[in-house]
Every structure is written in structure tokens, then in C-alpha cells.
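According to Swiss-Prot, the protein has these features:
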BINDING   7-14, 31-33, 48-51, GLU59, GLU81  GTP binding site
ACT_SITE  HIS47  active site, GMP-histidine intermediate
Amino acid sequence: MMILVTGGARSGKSRHAEALIGDSSQVLYIATSQILDDEMAARIEHHRQGRPEHWRTVERWQHLDELIHADINPNEVVLLECVTTMVTNLLFDYGGDKDPDEWDYQAMEQAINAEIQSLIAACQRCPAKVVLVTNEVGMGIVPESRLARHFRDIAGRVNQQLAAAANEVWLVVSGIGVKIK
């Protein structure tokens with residue numbers, strides 16, 4: 001079963017995703033964040049301390065289909081947090097050292113879509129419950145920069161693909177989860 005949990009920043013989506021897991025004794029937590037500065041290091045440490053000790057944590061943001069596969073114990077639950085951070089990391093990885101104004105966003109989106117399609121296929125083959133957390137990016141103003149506009153567009157299309165493939169979709173607003181699929 002594939003479940004997508006979406007919502008704005010600080011909406012309570014992580015808490016809601018963890019509630020969907022319940023008291024499962026076998027959890028694979030896939031963290032997609034990278035430590036790029038002190039503020040992000042503090043955020044990651046805060047999340048680490050909040051997780052139960054028995055959760056198995058893997059910090060990775062590429063080739064996630066290799067972690068989510070048909071050999072996973074059906075009693076295990078997979079929690080991937082967060083898809084939007086994964087998309088951000090992929091964008092900057094594909095962009096390399098080039099100036100973002102020189103990036104080939106169409107080629108980048110194709111590469112990201114290939115990664116997302118592999119992730120979806122893995123989730124659908126996986127016998128365990130897979131919960132994906134993502135940010136709802138399309139409810140704000142039109143971003144000022146080219147990079148931010150492309151990011152919003154790519155992340156929005158990724159979310160649409162995930163929602164279409166998911167068995168359940170939850171939108172979390174102000175700490176309240178609303179099942180929309």
C-alpha cells in the first residue's frame with residue numbers, strides 16, 4: 001500500500017505520517033535531507049531525537065527504489081521523508097556547478113521523472129506499507145526567480161504523479177489530516 005501525505009511547511013504532515021504508521025515495531029525511515037549548514041544540522045538532529053530508537057534509518061536521496069523493494073518484510077513500514085527535499089537534491093545534483101540560469105530544466109525534469117517512476121514502481125511492488133511525505137508547493141505566490149519557478153513546477157508535477165499512483169492521499173492543514181483519496 002502506497003500512502004502520500006502532503007501539506008505546507010510546518011503543517012503537521014510528519015506527525016500525521018507517523019500516526020499512520022501506528023505502533024509498528026519494524027520501520028524503515030528514509031531521510032532525504034543533507035546537512036548543508038548549521039541550521040539544517042539542528043533540524044536533522046531534532047528529527048533524529050524524535051524518532052523511536054527501534055526505527056532503522058537510512059539517509060539517502062537517490063535511487064530509493066533500491067531500498068524499497070519486493071524483498072521487504074510485509075510487516076515492515078517504510079516512511080520516506082521527504083520527496084520535495086529529494087527533488088531539491090536531484091535538481092542541484094543534476095545542475096552541478098553551473099549557474100541555475102544555465103540549467104537545462106527540461107532534461108533535469110526528465111531525469112527526475114525517471115527517478116520518480118522507479119520509486120513509484122518500487123512502492124507498488126513492495127509488500128509493506130510505504131508512506132511518502134511531500135510538501136504541497138502550489139498554493140503560494142508565483143516565485144520570483146527562474147530556479148524557484150522551475151522547482152515549484154517540477155515538484156508540483158512530481159506530487160501529481162505520486163498522488164495518482166498512491167492508494168491513499170492525505171492533505172494536512174494546521175495539524176489536521178484530510179483524506180482526499
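Glycine is no exception: its Cβ is also placed from the backbone N, Cα and C atoms.
These figures come from a predicted structure and were not determined experimentally.
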Open item on the list: For the recorded positions listed here (ARG10, LYS13, HIS47), tell me which residue's CB has the most neighbouring CB atoms inside 10 Å.
Closed with: LYS13
Task: Per DSSP, three-state class assigned to GLN49 (GTP binding site) - done: helix
- [ ] Pick the one among the binding-site residues THR32, GLN49 whose Cβ has the fewest other Cβ atoms within 10 Å in this structure.
- [x] GLN49
Task: DSSP three-state assignment for LYS13 (GTP binding site) - done: helix
- [ ] Would you mind listing, in sequence order, the residues at least six apart from GLY7 (GTP binding site) in the same chain with a Cβ closer than 8 Å to its Cβ?
- [x] LYS13, HIS16, ASN135, GLU136, LEU171, VAL172, VAL173
Task: Rounded Cα-Cα span from HIS47 (active site, GMP-histidine intermediate) to GLU59 (GTP binding site), Å - done: 12
